[in-house]
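Let me begin by presenting the structure, written as structure tokens, before commenting on it.
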Amino acid sequence: MLVLGLTGSIGMGKSTTAKLFGEAGVPVYDADATVHQIYEGEAVPAIEAAFPGTTVDGKVDRALLSEKVVHDSDAMKRLEQIVHPMLRSHHQNFLDDAEASGAPVAVVDVPLLFETGGEKRVDAVVVVTTSPEVQRERILARENMTPEKLDAILARQMPDAEKRRRADFVVDTSHGLDPVRAQIREILDAAARMPRRRP
């Protein structure tokens, strides 16, 4: 089974692209959805211990947690040390299940793929991109997003140009869904002929 790592900076259209891979019959692992899941379960005690006051009704309150970590790189590192091992375990379970199902290709949707060294654990990388103007417009339309918060998020992410340079495939979401579907078909055709690279 070939594993494609899907990544892209905030607001690039990565979640939509992941859904379209799913529509094409490809198993898709969603790291963000897994974070939501562990924030409602296994990560709660460790996060409350590290960041007191960030849980409400037995769940991590993402807004409260964000206030504690978004401008503090040491706090962000502590959070990652809690969350990343849990995510790796869920990720491996997904791959085992996808392989057992006989899927020829699986997609792992990981926002910080390059930033966490995740490109070494996939066979090829798909980077989702759009113009800076469209990106900013999409992000600032989100609830609870401010220009300052956006700048702090972007400062932690590898620049889009560098991600595109390191990608095996690039999906441009600037022109609507049909062109994205066509790009996905091309990627899946190419992936069928690619050798496995991950260990």
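Every residue gets a Cβ built from N, Cα and C, even glycine.
Its Cβ taken as reference, T16 (ATP binding site) is surrounded by 13 other Cβ atoms within 10 Å in the chains shown. In the three-state DSSP scheme, T16 (ATP binding site) is classed as helix. Positions annotated as ATP binding site by Swiss-Prot: G11, M12, G13, K14, S15, T16.
Taken from Swiss-Prot, the feature domain 'DPCK' covers 3-199, and the record attributes it to sequence analysis.
Long-range Cβ contacts of G11 (ATP binding site) within its own chain (separation 6+, distance under 8 Å): T130, V134, Q135, R136, R138, I139. In sequence order, V128, T129, T130, Q135, D160, T173 make up the list of same-chain residues 6 or more apart from M12 (ATP binding site) whose Cβ falls under 8 Å from its Cβ. Annotation for the binding-site residues G13, K14: lowest Cβ count within 10 Å of the residue's own Cβ, G13. Just so you know, the Cβ of S15 (ATP binding site) picks up 16 other Cβ atoms within 10 Å once every protein chain is counted.
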